[in-house]
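Working notes, beginning with the structure itself.
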Amino acid sequence: MENVDTLILGGTVLCLDETMTRIEDGALAIAGDAIAAVGTEREFRQRFTSRNIVDGKHSLILPGLVNSHTHAAMTCFRGIADDMALMDWLGNYIFPAEARNVDPELVYWGSLLACAEMIKSGTTTFCDMYIFEEETARAAREAGMRCLLGEVLFDFPSPNVKTPQEGLAYTRKLLYRWSGDPLVRIAVEPHALYTCSRSLLLEAGNLATEYQVPLALHLLENSSEKKQLQEKLGQDALSCLRELGLLNERLIAFHCVCLDDEDIETFRDEGCKAVYNPESNMKLASGFAPVSRMLREGICVGLGTDGCASNNNLDLFQEMDTAAKLEKVRHLDPTLMPAETVVRMATCQGARVLGMDGITGCLKAGMKADFILIDLNRPHLTPMYNPYSHLVYTVNGSDVKTVFINGKMVMKDRQLLTFNEEECMQQVRRIAERVRESLKEPV
């Protein structure tokens, strides 16, 4: 018999592979950081031995979820400004609060708290854009989470850098510092067309090309932005991106609410990736992204929560439920966004958006061992006829029982194993006191 590091025995395994393999009374064998084999419990009891056996009975076992767009450290700003339009929210509340409060300490503890929230709701990989991203990388590494992240680039000063050139230099340092890390990858991340000059966008694109990494930005989040960009640029957003050489397979575009039919065809032809953020777009009344049309055209679309200041949580199960239902009611068509499609957006398609589809997002031999166990032995999850329906319309993040990332168990029976959750919450409560005091100052 072959010895492996960990055996998961029993339960329903959803592989989310090319054939959407489903195995009842399934099993996983883990060797080091990777999946050695996927099969049945009966087969594996005869084939493998392990000192670490996890009982998967009454569990749903699937790839860890991929949060394709968030701002992790903004857990520290959860609920400080709600019920207002995007530009008012950003310009009069979020940017001033960040200018007064964001420092390495806030970003580290806020990001670590986000990791706690994400792991406990089944997310194993996330894509982050924020300030002092070295601290987010450090927090993710401590938590044991997989991530793609980048320092947000602006034309104007941020709490971390004074000029666009400093921001690009900081990004270059991140690319060097985290090169080859097993969990942390770096992207180049200009904030948006309305906060970045053509020259900054061009240099960002050149840096992404030099290192062959993704370039991620917010794009056409609402109709006001679309109108503003037309006036500022004298052309539409995608024409500008095309002129700058940014429309290619490395582009990850967040939101994409105002893509028209021609834009969608361009995304398809150029291989650009998109991220759907329905709850944030609803809360800020930004509009409806044309997600069904993008999917029909074969565009790779992931699912993201956005940050805690505009959602206000990081639970991708809740996001899946909203994503499915919102598109149905928008078009008055219950067949749109079927559950299986939405689960793929939150797993294998999300991994593809981030350029990690050879690493995570599905369960098969050779892939990194990023997976979750959902406890089905609960009243609201009994009985189960269709596991994909369950995942989208019934499961809550709190139903996640056990989480593995890169072959390591990071949560067991709802208890985090890689860091002190209580200490993290205490630190964020302390930071929140100075944030609260700063909000009393006039803008």
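The backbone N, Cα and C atoms fix where each Cβ goes, and this holds for glycine too.
A 10 Å cutoff on Cβ-Cβ distances gives His69 (Zn(2+) binding site) a total of 28 other Cβ atoms nearby, all chains included. What Swiss-Prot records for His69, His71, His218, Asp306 is Zn(2+) binding site, and it gives sequence analysis as the kind of evidence.
Other C-beta atoms found within 10 angstroms of the C-beta of Asp306 (Zn(2+) binding site) number 27, with every protein chain shown included. Look at Swiss-Prot and you will find Glu98, His191, Glu221, Asp306 tagged as substrate binding site.
Residue annotation for substrate gives Glu98, His191, Glu221, Asp306. The furthest Cα pair among them is separated by 21 Å. Same-chain residues at least 6 positions away in sequence with a Cβ under 8 Å from that of Glu221 (substrate binding site) are, in sequence order, Leu86, Ala192, Phe254, His255, Val257, Cys258, Asn281, Leu284, Ser286. In this structure, of the binding-site residues His71, His191, His218, the smallest number of CB atoms within 10 A of the CB marks His191. When secondary structure is read from DSSP and collapsed to three states, His69 (Zn(2+) binding site) falls in the strand class.
Within the same chain, residues at least six positions away from Glu98 (substrate binding site) with a Cβ under 8 Å of its Cβ are Phe77, Ile131, Ser158, Pro159. In this structure, Asp306 (Zn(2+) binding site) belongs to neither helix nor strand by DSSP; it is coil.
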